[in-house]
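What TrEMBL records for this protein:
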type	residues	note
TRANSMEM	12-33	transmembrane segment
TRANSMEM	104-121	transmembrane segment
TRANSMEM	142-158	transmembrane segment
TRANSMEM	188-214	transmembrane segment
TRANSMEM	234-259	transmembrane segment
TRANSMEM	303-320	transmembrane segment
TRANSMEM	327-351	transmembrane segment
TRANSMEM	371-391	transmembrane segment
Amino acid sequence: MAALTIATGTGNWFSALALGVTLLKCLLIPTYHSTDFEVHRNWLAITHSLPISQWYYEATSEWTLDYPPFFAWFEYILSHVAKYFDQEMLNVHNLNYSSSRTLLFQRFSVIFMDVLFVYAVRECCKCIDGKKVGKELTEKPKFILSVLLLWNFGLLIVDHIHFQYNGFLFGLMLLSIARLFQKRHMEGAFLFAVLLHFKHIYLYVAPAYGVYLLRSYCFTANKPDGSIRWKSFSFVRVISLGLVVFLVSALSLGPFLALNQLPQVFSRLFPFKRGLCHAYWAPNFWALYNALDKVLSVIGPRGFLRCLTLCALSSFMFGWHVHEKAILLAILPMSLLSVGKAGDASIFLILTTTGHYSLFPLLFTAPELPIKILLMLLFTIYSISSLKTLFRRSFTLVAQAGVQWHDLS
């Protein structure tokens, strides 16, 4: 609290929050890590020691490379830093290799890449309506949103205990959302296209992006009642969006197209040969298709966020063998909505509590039991108390305004 008081006085409260959660992440370095730790170590070895033509064919380990090319290049870049920590981690045949230096490198690489997530959260906070401003710093919507995102329980345990790189990927998604809110549509489209070539699970929310960009960017004018003015459709803007997607895709997939390896790459990204119950992409696609009627109702940025959350929840609820962490794809966008309206805050509290609890099986070792319980309790208690305080004030003002209007009439 002392640090927060100092930060409040200097206006650097956001930096204090970011620094605080970074220190917590450092404390979690020695904790349990899942097989995903070995997955990413193996990908470091594949991209570092093998030519690009073998990246999507290498199968010495059961943990074959099955992320899109941008993530493979990301591992390649990391590997050139990793060699200064422990060269042995970059040997493809060193299966299940784990040394203290390997552990430190991989843990710190996740923490370092979260810089993008921190920046994205700051950009999202700039888009929040500041009408509901309390006297205290801790009652301000921007402060509450910063805590809900930076200290998100799910991201903490999935990335910094279980081990993955979701932070910077969600950072790309949040930054693209912020750019759309700021009406920088081309930047938002570019960032989301890049994100898809880092991790294709974000295809789940692609319909929300497509419809929103079509509605808010390609149609340049509305009628007085808010409906679309069909004659305002801009083919130039559609072509420009298509060009962005094409160029990003060409940069990602072009080398493998030149090597005649696109079928092999897609067989890794969409493993249909493993059977429907193992490759859950097909039913998730149909879940998105069934949700399109809701997505088509997008009008403004908040509607876009609701549709994005709907797409994420549809794929989560109706997919096969969906990973527990996929719920974060709905929780994080819902965080942005939660500080805007009381109804959204209520939905967020239900979603985040049940969703975060569903992540508990990821950490099944005894030493991590008190950690996950304590962190979730702290996050849940803060979420309930802060949002309750935020909207209790707004409800009081609304009630007073209603009484005054009644007296005047």
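Every residue, even glycine, has its Cβ placed from backbone N, Cα and C.
Note: TrEMBL annotation is automatic and uncurated.
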Spatial neighbours of the transmembrane segment (12-33) far in sequence, C-beta under 8 Å, 6+ residues away:
3-4, 6, 103-104, 107-108, 110-111, 114, 118, 122, 125, 137, 143, 146-147, 150-151, 156, 160-163, 363, 365, 367-368, 371
What parts of the chain pack near the transmembrane segment (234-259), using Cβ distances under 8 Å and only residues at least 6 beyond its ends?
52-53, 56, 68-70, 185-186, 189-190, 193-194, 197, 213-214, 217-220, 265
Considering only Cβ pairs under 8 Å, which range in 142-158, 327-351, 371-391 makes the most contacts with the transmembrane segment (188-214)?
327-351
